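To start, the structure itself, in structure tokens.
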């Protein structure tokens, strides 16, 4: 009797211990992660802290970079804006490459460490160049029409762009791996941890705001008052502290094991196989399409997706031929049904993805032309204190520090009781709100620019030298457009992160957050293209060679450019409504119940 009791007791302990294990995650020693020991909301604090430090290092650089290119390196305003947006676009597009490398070879933890080190090197190199006059063009006032400023060139230009794109590679890698690594700390099969995962994505925005707020105040102040070398050095120190913070959490992390194949590569294989098999006839019975036998050893820990009658052209990737009896079929000619279904899910999200690109296009203007607006205005906060124009985004950041906890702790629980949706409103509803607000932000920016130019015209200051002769209008008028866009960003960016992560199949969850960064990258690149197109199209209608040409923003037509963006954003929102209403959430998603598909998601 005692013997049986001991056996049952040991069995219960074993079952309980097994229940605590986290499937598909390991600790830093390669052992299966234990739920009470590894991961969770407390462990995610290391990740949030690291992300906050990374933003502390780079936000001041991003918002003030157009000033650095224009005032120190002597690029024209439109060219400076394009260089900054190209840099920003590269930061985000590289996140896809890092995501593939992290999944396939090095893992997300190592990807963050390596990316952070690369970013640290870039910041240090930028600080060194800013410190030594021999590595920069001679001092010159770009705002003086009579001056002939020498633009940076040759080896000095090479140092500038090498440093800049090292930072781009680093920040792209961190943005690719860090949010996914944070999501790895939660088990989406556990209802409580699934809610904590949603909290984590909201707190991720909060971490960005904390780091960004310090960067926009102290970091920008150092750049403007102590020198660019001190400012970039400050960023390097912040990045180093971020790396230390992140590495400190290693014993507590749940780590995603490195796979031999990348989920992105598997999706590409589906398209290649479908093209190669395009002339083959689909079988009448979908059960004849290729899939692993669930009883096979190769099927252990594999995900299985049911076949769906959509995007039938992709099903050709799973057609078995008479010569396909090999034990190891060529993955570029024959794919599993599950692999094909994963590709279909991604294809279904493409319209949503495309409709969010314009959001970053609008953001790019606030990070470039709005900073140039601020340089012409009165920056006095008090008689003895002036706020740098690059610090204006502190207003939405400061507001978001208050709003995000209120949204997460009050709005979400309240709306959850009404809608029955764990996140309060659906992810696509959240994104839609942000898209409308981004259009409103650009319309507001157009109105503010009309007001600013009106002051310049009324006071005969259209040709006044910025900073030396500021217009008698407060720079805080620009805070309205920053404020509105900050709220838009809270809705759209975090809504997209949650949408992509929750909708992506298990094999693609690890790289799903890259879709947001890819959308942002395309938005930045599109901004460069749009600025060039607008300048060419309006070259003959203005003395400054286009709406945005030259170095005198008072003679430009920035108000018309902002209004153009507002109209484009509204048109884009109409397309978004069309696709969002027709999007069907995955039936296996635990985030959004099926009955809510009738709403504008």
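Glycine residues also receive a Cβ, built from the backbone N, Cα and C atoms like all the rest.
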(message) Quick check on the annotations: TrEMBL lists transmembrane segment for one of 558-579, 580-601. Which range is it?
(response) 558-579
(request) Among 135-156, 157-178, 267-288, find the range that TrEMBL records as transmembrane segment. (result) 157-178
(message) According to TrEMBL, transmembrane segment applies to one of these ranges: 113-132, 293-312. Which one is it?
(response) 113-132
(request) Have a look at 21-43, 228-250 and point to the one annotated transmembrane segment in TrEMBL. (result) 228-250
(request) Answer with yes or no whether the transmembrane segment (387-407) touches the transmembrane segment (87-106) by the criterion of at least three Cβ pairs under 8 A, sequence separation 6 or more. (result) no
(message) Please tell me whether the transmembrane segment (199-222) and the transmembrane segment (387-407) touch - that is, whether there are at least 3 C-beta pairs under 8 Å between them, with each pair 6 or more apart in sequence.
(response) yes
(message) For the transmembrane segment (113-132), give me same-chain residues lying six or more residues beyond its boundaries with a C-beta closer than 8 angstroms to one of its C-beta atoms, as numbers and ranges.
(response) 50, 54, 57-58, 61, 72, 98, 106, 156, 159-160, 162-174, 176-177, 227-233, 235-236, 239-240, 242-243, 246-247
(request) May I ask whether the transmembrane segment (476-501) has at least three C-beta pairs under 8 Å with the transmembrane segment (558-579), counting pairs 6 or more apart in sequence? (result) no
(message) Check for me, if you would, whether the transmembrane segment (157-178) reaches the transmembrane segment (513-538) - at least 3 Cβ pairs under 8 Å, residues 6 or more apart in sequence.
(response) yes
(message) Tell me if the transmembrane segment (387-407) touches the transmembrane segment (428-448). I count contact as 3 or more CB pairs below 8 A, with pairs 6 or more residues apart.
(response) no
(message) Counting CB pairs under 8 Å, which listed stretch among 45-67, 228-250, 387-407, 476-501, 513-538 touches the transmembrane segment (345-367) the most?
(response) 513-538
